[in-house]
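I have placed the structure first, in the form of structure tokens, so that the comments after it can refer back to it.
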Amino acid sequence: MSSMQSNSSANVTFVRPAAFFINGFFNLPHAKYYYVFLSLVYFVTVLGNTFIMCIIYLARRLHTAKYIAVFHLAFSDLCGSSALIPKVIDTFLFEHQVVSYEACLANMFFVYHFMNTQSLTLLVLAYDRLVAICFPLRYHAIVTKQAMFLIIGVMWIFSLTYLSILVGFVNTLSFCRSVVINSYFCDQGIMYRLACNDNSINILMGKISFGLLMCTPLILIIISYFCIALALLNIAHGADRNKAMKTCTSHLILVAISYLPVLSNNIAAVTTPINPNTRIINNSLTQTIPPMLNPIIYTLKTEEVMQSIKELYKRSRMCVTVEINIKCSGRI
């Protein structure tokens with residue numbers, strides 16, 4: 001009898017709200033200009049990543065295992081920005097700050113999923129460079145198109161499964177204190193603090209997520225480049241060493257702009273109190289700027305991509321010239 005009473009009281013106290021209120025900035029003047037800036041960032045992100053995906057699709061010389069991973073990175077960047085920025089603009093620029101419970105969890109899932117695939121794809125590209133430089137004679141036997149598709153498939157299965165569990169644990173929380181999320185999207189790290197029941201499993205999952213999805217790929221990338229550095233030291237000719245190093249430049253820049261801001265924000269959050277507005281600006285820029293810069297870096301810093309762009313441009317010019325000649329001869 002007592003157990004039935006305790007169960008009924010638990011059901012009474014458990015609160016699942018119909019919606020959340022995304023609070024955003026606290027009394028920040030001219031905040032709408034920042035959301036307009038994010039709109040421009042999103043426009044450049046869509047343009048850049050669509051461009052690099054089209055180049056990889058059209059240029060036959062880029063139909064390799066490495067550029068399958070680069071294509072996937074551009075796709076993840078595009079989808080990640082599309083999951084975040086349009087919703088942020090709709091929420092704050094058009095003042096739709098009330099978000100339904102289900103829509104909030106869906107937004108959280110897709111934002112974190114594509115952040116995760118971006119991080120893991122950078123690890124895959126580090127693996128590609130490791131094999132290319134340390135085992136050059138076996139590279140084409142190890143890093144095949146089939147192997148790359150398999151790796152990406154496993155990556156998606158892992159990410160979808162893990163984040164389904166992570167988001168699923170939010171359903172165990174009772175939100176009887178507040179439904180105001182002091183962030184710019186449905187942030188799991190903020191939401192579990194609103195719970196009035198035991199949230200220890202959510203805190204643990206948050207720590208595991210940061211360690212498993214952010215720190216582990218970065219550590220493995222660092223180990224990869226340590227092995228690459230040792231292999232480069234064994235290359236006798238300076239010209240060959242420089243050529244090998246140039247193939248890693250664009251990837252190293254991507255790693256730096258993707259991981260350093262995230263680590264800096266997390267270290268700063270642990271060591272010093274951060275103004276909520278500063279935290280929102282730092283975190284939103286960390287999530288939105290790298291996807292915008294990635295295709296620009298790969299276009300400007302990768303010789304194969306630049307050469308492919310030139311070839312496609314020449315081919316299109318030739319096609320236009322042929323069409324003009326055909327039309328002129330037809331008139332004659």
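Just so it is clear, glycine is given a Cβ too, placed from its N, Cα and C backbone atoms.
Curation plays no part in TrEMBL annotations; they are all automatic predictions.
Ranges compared are 70-89, 250-269, and TrEMBL records transmembrane segment for 70-89.
Regional average pLDDT for the domain 'G-protein coupled receptors family 1 profile' (48-298) in the model is 91.
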